[in-house]
């Protein structure tokens with residue numbers, strides 16, 4: 001991120017003429033100062049200002065998880081047919097439907113249903129025996145998270161991170177609140193899609209805010225902390241769904257407090273990196289001085305002047321830019337990676353969201369408690385990845401996470417449903433493994449691609465990966481209509497495939513982040529190792 005941001009600052013700066021050129025002549029050989037240099041050497045990589053900012057940003061990150069409330073508001077509930085046009089009259093129960101209640105000579109369509117409880121859209125909108133419609137809520141939720149990416153990216157880059165964040169949370173709150181008053185299921189579904197399309201940028205906007213002013217040393221920890229905030233948000237969601245019923249009141253309880261985040265537009269300082277990229281140097285200087293004051297540090301005039309007056313970009317060498325698609329086709333190494341990394345992302349989102357969704361259907365246990373535990377187990381998974389990524393390497397961490405999750409998911413299928421505690425432990429360990437993968441995936445994918453194409457190919461992998469989250473809500477149908485073990489076998493099988501594919505790529509720990517295609521192709525070879533000074 002630092003490399004791409006640095007490049008954008010330089011490219012927007014006009015050429016230096018006149019006396020400014022003369023002033024620079026004596027220091028042509030000096031390395032230009034970027035924001036990372038300033039954070040490392042003068043401002044502090046993780047001072048009081050950064051801690052205060054992350055604490056503020058944590059609140060909308062927690063709220064970004066509330067869009068998953070469809071897991072409860074559109075949850076399946078046991079039901080039976082209420083009335084048949086039959087010559088036999090009688091009553092059954094949810095678990096007992098004797099044959100004499102049905103006329104043997106013909107099959108008649110059920111006219112209405114009796115539901116075990118009323119805390120779901122299934123009851124309000126009479127969706128008995130219409131699971132194919134019910135699961136659309138989860139699928140449309142994930143489609144919206146795909147559609148929002150270009151929208152929030154444009155707003156964030158054009159008008160700033162602060163506006164992108166506050167607008168996303170406002171949209172999340174407003175559409176969510178309106179959805180609580182849905183009068184029919186089509187209205188509920190349309191608002192579900194609309195909410196994520198205009199509000200799912202909350203997490204990404206907050207994530208950028210949190211990481212852009214943290215020094216390089218603390219970015220992995222900050223990333224894990226951000227992911228943990230989302231997990232905490234899911235735990236909060238589970239608790240509210242458990243305590244506040246029916247579903248309309250639950251949605252209102254979750255979304256009304258989100259309107260308070262509008263105040264962040266005045267409480268938060270704009271991202272310094274964005275201000276520098278847009279040549280808003282006066283505003284950037286004010287923010288940096290505020291950071292220095294809160295962190296009790298000082299910025300030298302020389303460093304400030306160098307940061308506010310970056311040199312012009314180096315001339316672009318003609319004839320070497322084949323275009324992204326041509327470059328991928330020409331480079332067999334890059335082509336293999338482009339075909340491999342999206343599969344990791346599909347598997348990760350499919351297993352991660354699939355386990356969360358299926359946790360509410362575990363037999364013999366409390367659906368709310370299952371969901372809470374399944375989300376809480378993510379937090380140790382995130383920080384486990386932080387502890388081992390720089391010790392055993394990215395490749396081993398990622399493949400081990402895939403294999404670990406796959407092993408526990410497959411084992412879960414063959415454990416008797418009577419052993420509820422054992423099944424729950426295996427289920428949680430499967431989620432623990434995929435949580436390790438989630439933290440490692442961004443880092444390893446970005447380190448495999450050269451700077452020129454890194455952001456584009458990382459976004460491509462992430463976008464294709466949304467196929468996993470879009471299809472994950474459909475997996476309960478496979479368990480209900482065919483066999484209970486199909487979802488977890490699919491999770492395990494895809495985990496094994498992705499774990500093996502990780503092993504086909506080189507280790508990036510200790511290597512220089514590749515700036516050129518040649519450097520990216522050389523990863524794993526001795527010359528790619530980062531030179532360390534003693």
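Backbone N, Cα and C define each Cβ position, glycine as well.
Residues or ranges marked as region 'Disordered' by TrEMBL: 1-25.
Here TrEMBL flags 53-77 (among others) as transmembrane segment.
The annotation domain 'Major facilitator superfamily (MFS) profile' is assigned in TrEMBL to 53-510.
The feature transmembrane segment is assigned by TrEMBL to 135-156 (among others). For the transmembrane segment (135-156), the residues of the chain that approach it from at least six positions outside its boundaries are 67-68, 70-71, 73-74, 121, 163-164, 167-168, 188-189, 192-201, 204-205, 208, 274, 353, 357, 459, 462-463, 466, 469-474, 476-477, judged by C-beta separation under 8 angstroms.
The transmembrane segment feature in TrEMBL is assigned to 163-181 (among others).
Sequence-distant neighbours of the transmembrane segment (187-209) (same chain, 6+ residues past either end, Cβ-Cβ under 8 Å): 53, 57, 60-61, 63-64, 67, 70, 74, 121, 125, 136-137, 140-145, 147-149, 151-152, 155-156, 161-162, 164-165, 168-169, 171-173, 175-176, 178-179, 223, 226, 230, 268, 271. For 187-209 (among others), the entry in TrEMBL reads transmembrane segment.
For 221-243 (among others), the entry in TrEMBL reads transmembrane segment.
The transmembrane segment annotation in TrEMBL covers 249-268 (among others). Tertiary proximity for the transmembrane segment (249-268) is limited to same-chain residues at least six positions away from its ends with a CB under 8 Å from its CB atoms, namely 53, 56, 59-60, 63, 66, 69, 72-73, 162-163, 165-166, 169-170, 172-173, 176-177, 179-180, 209, 237, 240-241.
Feature annotation from TrEMBL assigns transmembrane segment to 334-355 (among others). Sequence-remote contacts of a segment are chain residues at least 6 beyond its ends whose Cβ falls under 8 Å from one of its Cβ atoms, and for the transmembrane segment (334-355) they are 142, 327-328, 374, 398, 402, 405, 409, 427, 430-431, 434-435, 437-438, 441, 445, 448-449, 457, 460-462, 464-469, 471-473, 475, 487, 490-491, 494-495, 497-498, 501-502, 504-505, 517, 520-521.
The transmembrane segment annotation in TrEMBL covers 367-389 (among others). Remote same-chain partners of the transmembrane segment (367-389), defined as residues 6 or more beyond its termini with a Cβ less than 8 Å from a stretch Cβ, comprise 71-72, 75, 220-221, 224, 227-228, 231-232, 234-235, 237-239, 241-242, 355-356, 359-361, 397, 401, 424, 427-429, 431-440, 443, 509.
Annotation comment: TrEMBL describes 396-415 (among others) as transmembrane segment.
Annotation source TrEMBL lists transmembrane segment at 421-444 (among others).
Per TrEMBL, transmembrane segment is recorded for 456-479 (among others).
Within the same chain, residues 336, 340, 343-344, 346-348, 350-351, 354-355, 358, 395, 398-400, 402-403, 405-407, 409-410, 412-414, 430, 433-434, 444, 475-476, 478-479 sit at least 6 positions outside the transmembrane segment (485-504) and bring their C-beta atoms closer than 8 Å to a C-beta of that stretch. According to TrEMBL, the feature transmembrane segment maps to 485-504 (among others).
Beyond its flanks by at least six residues, the transmembrane segment (163-181) meets 60, 63-64, 66-67, 152, 155-156, 188, 191-192, 194-195, 198-202, 205-206, 209, 248-249, 251-252, 254-256, 258-259, 261-262, 264-265, 268 of its own chain at Cβ-Cβ distances under 8 Å. Contact check: the transmembrane segment (221-243) against the transmembrane segment (396-415) gives fewer than three Cβ pairs closer than 8 Å, residues 6 or more apart, which falls short of the contact criterion. On the 0 to 100 pLDDT scale, the domain 'Major facilitator superfamily (MFS) profile' (53-510) averages 84 in the predicted structure.
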